[in-house]
């Protein structure tokens with residue numbers, strides 16, 4: 001789960017992480033009022049969307065008067081911001097963050113993430129922070145360094161010193177860096193984050209470390225332990241279909257293809273998407289119904305797939321272990337009738353009660369194409385979509 005920058009900074013501030021003073025604003029008038037509270041004389045007006053690259057897209061502006069605060073707030077609120085992370089459609093700006101301006105001596109980069117290859121928490125740092133960090137990663141990857149922390153032993157002073165020296169900090173800044181690393185690590189672990197990015201982490205003109213931006217992603221599987229974090233969720237920033245899927249505990253991710261997929265198990269879902277590409281088409285989504293889907297859950301999954309207007313065909317690929325194939329068949333039939341299915345549907349079932357499941361579909365009176373294996377299913381759905389075009 002993602003949250004906005006201003007929310008991320010509030011979470012980090014609870015752990016003593018140094019962040020600039022600032023306030024969220026939802027109207028130009030509120031932006032001016034919040035700027036007055038901060039006092040100035042320099043403010044930063046920041047668009048709040050769940051995407052990076054805001055600065056280059058005009059979503060972050062430094063201003064030196066209240067009139068300019070209002071001008072930029074008026075320009076941004078209600079506008080659509082297009083960045084390299086939003087895609088061509090962009091994201092609508094519904095809120096701003098009005099922040100104190102800061103004097104900047106150096107811009108650094110620091111992030112923490114879960115390294116699934118090593119099962120450790122990794123720090124990624126660079127002396128080249130700021131808006132061009134992606135270019136740094138592409139052209140001069142040697143300027144980006146990483147260090148890992150064994151979760152069994154946790155963070156120690158030498159980790160902080162290692163990061164501080166890698167960032168080129170000197171004197172009192174090293175002490176600040178060590179303290180900052182320990183605070184960020186504590187926040188990361190305690191709040192069950194999966195990613196924490198500070199870009200830029202700056203050295204101010206006074207020689208202090210300050211987190212000018214913060215991007216946080218939380219492990220969705222651990223949200224039950226953090227009711228306060230769940231309350232920060234902004235559904236307007238998420239795909240409506242993905243929000244609907246989460247209500248039924250479905251793992252759904254929209255893609256750009258035209259063949260909808262409904263599969264049980266992440267591995268089988270990825271294999272299904274791969275074989276669709278192998279047979280010359282593109283998957284429209286990743287959808288894992290899990291191992292304990294009910295008839296209602298399958299019906300909901302079907303509706304979510306068909307809510308995407310680009311879907312021209314559906315492939316259902318189920319291996320019935322915990323899940324029974326007859327339940328899947330009943331759900332598919334109920335959903336097809338409820339939505340008046342008008343696109344080709346190929347169903348491949350295998351496992352528990354597979355014969356009963358196939359019998360239910362065969363006697364449904366619906367034009368459901370049955371497949372014997374994964375390759376057969378992919379070939380049939382790609383062919384059916386082409387013939388229906």
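Quick reminder: no glycine exception, Cβ is built from N, Cα and C everywhere.
The domain 'ATP-grasp' annotation in Swiss-Prot covers 9-244 and is backed by sequence analysis. Under the heading ATP binding site, Swiss-Prot lists 46, 53, 54, 55, 99, 102, 107, citing sequence analysis as support. According to Swiss-Prot, the Mg(2+) binding site annotation covers 199, 213, on the basis of sequence analysis. The substrate binding site annotation in Swiss-Prot covers 264, 321, 322, 323 and is backed by sequence analysis.
What Swiss-Prot annotates, mapped onto the structure for a quick look.
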residue	record	Cβ neighbours (10 Å)
53	ATP binding site	16
55	ATP binding site	17
99	ATP binding site	26
102	ATP binding site	17
107	ATP binding site	19
199	Mg(2+) binding site	21
213	Mg(2+) binding site	24
264	substrate binding site	24
321	substrate binding site	12
322	substrate binding site	12
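Taking each Cβ in turn and tallying the other Cβ atoms within 10 Å, the top scorer among the binding-site residues 46, 54 is 46. When pLDDT is averaged over the domain 'ATP-grasp' (9-244), the result is 93. Site extent for ATP: among the recorded binding residues 46, 53, 54, 55, 99, 102, 107, the largest C-alpha separation is 20 Å. Checked against residue 54 (ATP binding site), the binding-site residues 199, 321, 322 differ in C-alpha distance, with 199 being the nearest.
Within 10 Å of residue 199 (Mg(2+) binding site), counting C-alpha to C-alpha distances, fall none of the binding-site residues 46, 55, 99.
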